[in-house]
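Going by TrEMBL, these are the annotated features:
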- 1-65: region 'Disordered' (REGION)
- 36-45: compositional bias 'Basic and acidic residues' (COMPBIAS)
- 207-235: transmembrane segment (TRANSMEM)
- 255-275: transmembrane segment (TRANSMEM)
- 296-319: transmembrane segment (TRANSMEM)
- 358-377: transmembrane segment (TRANSMEM)
- 446-468: transmembrane segment (TRANSMEM)
- 474-492: transmembrane segment (TRANSMEM)
- 504-521: transmembrane segment (TRANSMEM)
- 541-560: transmembrane segment (TRANSMEM)
Amino acid sequence: MDEPNGLKKNGVIELASHSGDKHHAESADEAAADMIKPKDKHGNGDVESGVAEFGDDDPTPGSHQEEADAILTKLKGELSYGIDDVPAWYTAFLLGFQHYLTMVGATVAVPLFLKGGLCISDDYVTQAELIATMFFVSGIATLLQTTFGCRLPIVQGGTFSFLAPTFAILSVKGACPPSPSVNASMEELANQTEAFQDRIREIQGDIMVASLFQVLIGFTGTIGIMLRFIGPLSITPTICLIGLGLFKEAADFAAGHWGIAFMTIGLLTIFSQYISRFGVPFYCYNKGQGCHSNKFFIFKLFPVILAILISWIFCAILTSTNVFPTEIDDYGFQARTDTRFQVLQEASWFRFPYPGQWGLPTVTVAGVFGMLAGVIASMIESVGDYYACARMAGAPPPPNHAVNRGIGMEGISCLIAGMFGSGNGTTSYSENIGAIGITKVGSRRVIQYGALIMIFLGTFTKFSAIFVMIPDPIVGGMFCVMFGMVAAVGLSNLQFVDLNSSRNLFILGFSLFMGLCIPNWVKSGTNDQYINTGVNELDLIIVVLLKTGMFVGGFFGFVLDNTIPGTKKERGIGEWQRFSGSDGENEVVNDLVFRCYDFPFGMAWIRSKDFFSYLPFSPTFKGWRCRGCCQGGRRSALYRLVPARFRSADEV
């Protein structure tokens, strides 16, 4: 999706429309016309309801609406559904189910990784219940995030950022009791159950306390203040390394059978790129037109579902004919469709997860500090995901208040995950952002339908267990396409930057290289033991952060971009901030463009109360400002703390 080039003219942003956007522009103009009703005070034009009254010297109200429509139309690009579009309920249901399928692999992987440390390696029923709880909590988190959080069409689910501190906490609990034998006594079964509950309760409590830090960082606006110093050269390595940093996990899944993985990759590529424009004819009837034929663009809307189903059926055929080996250590065994039937057989039909289902959570100081490392890494990843999701969904870059709410809501979601005992927290899912780019569907309503599906299916343990049976090579092939798309989105931010500048090339190359180099070294062997500050909790925090590629790359990009001298034009800061509304001169146009980040209801009342403009998570929040900091506008109070030598030439 091409990103708009912002052109400054008469104090507002103008975007040149392409001929290919004609259809979208007409639709946007028609929708805007329905919204424009009241006249201005001279009776000479329409003005959108809810917008502040214009003065005599302001441009005509119609020009503001047209300007906003042009920006939104250009942002939408080739998307079938934009962020505020509402598809038919059956279309939204199927698209939401596709997002459910997309996040299944990563969500299921978290409990499967934890089963050894939680002493449930042979307890398939508890594994299924833990997986169902993860889906249930992920649905709640996704619904909260899309409705009251950042308001982007972003899926929430289990995070790998919490795995390292979780294993560190569980390692001090000692070895698990021996697995019960076939004729195990009640005492042996009770010992295993007690060991599991003791471990899961401590993980619950540590996550709950650590998540309060994330809530504080988000709702106090600390993240939003930092974004004033973040530009394309900070965002690019962060987002890019989200995709590149997951190549090992994708390869591990695909390595079960590379042939099946490449089949899935090929089908996804064909459906989403080669034949996406071809519609499948189907007949329908209505009173006005009678029986007539319409085209349904199934390949454009459901490439992931189609690729998974076809590959799964193909694997089932090869399994039934014994083409795949039957020995677990043989290559190709992971592509069999009958290796996980035991999960389906032993899982219960219905089970409603509830807070404290494993017992009363416990808390340890060391565990809380360890989980803080996962929280910090998760926040850094999520900020990058918000920008990637906005670009994929055809929305403007998220303003500070949206990022503040998003981080704060993720903290609340982690608190809920701890209460329910999922054994993990929640964070935004990069693979589902990639799915938006593949399907060209960025509707928020679709993700909300997907959240309801997660909640509903999270209560049916046996149904959730069906998707655990998807062969790993199929999941790996899907991840290869999704993560590659996310990495490409990160690189697309460079359109704002002067790539002929040796300064920018140094920052970009060094940040990306270190984001791959340092995590790879820390993860290799026992190299993490060289990090020894004398404080175990601090060592754990440092190790987890250094293992997180998007943190390392984003950190170097942020520090170098804000310390190496360069003009705003060279850095891309001017174009970035002007387009994101941080430096815009026409607040009316900005308000119209960024209304996709408003609350779903109550905005008229919120805008009427000045009190809300001081809350960092309110849509009316404009940032902490001071008077007379700079000619021609107001600067953040933090701006005065930046030494003159670090400011760009046109700012000094």
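Every residue, even glycine, has its Cβ placed from backbone N, Cα and C.
Bear in mind that TrEMBL entries carry predicted annotations, made automatically and left uncurated.
By the Cβ criterion (distance under 8 Å, sequence gap of 6 or more), the transmembrane segment (207-235) is counted as touching the transmembrane segment (358-377), at least 3 such pairs being found.
Within its own chain, the transmembrane segment (255-275) is flanked in space by residues 299-300, 302-304, 306-308, 310-311, 314-315, 324, 331-335, 438-439, 471-474, 476-478, 480-481, which lie at least six positions past its ends and keep a Cβ under 8 Å from the stretch. Residues 159, 161-166, 168-169, 172, 196-197, 200-211, 213-214, 411, 414, 418-419, 421, 425, 536-538, 540-541, 543-545, 548, 551 of the same chain lie 6+ residues outside the transmembrane segment (358-377) yet bring a C-beta within less than 8 angstroms of a C-beta in it. Sequence-distant contacts of the transmembrane segment (504-521), counting only residues of its own chain at least 6 positions beyond either end whose CB sits under 8 Å from a CB of the stretch, comprise 233, 236-237, 240-241, 244-245, 494, 497-498, 527, 546-550, 552-554, 556-557, 560-561, 564, 566, 570-571. Against the transmembrane segment (296-319), stretch 474-492 shows more Cβ pairs under 8 Å than any other of 446-468, 474-492, 541-560.
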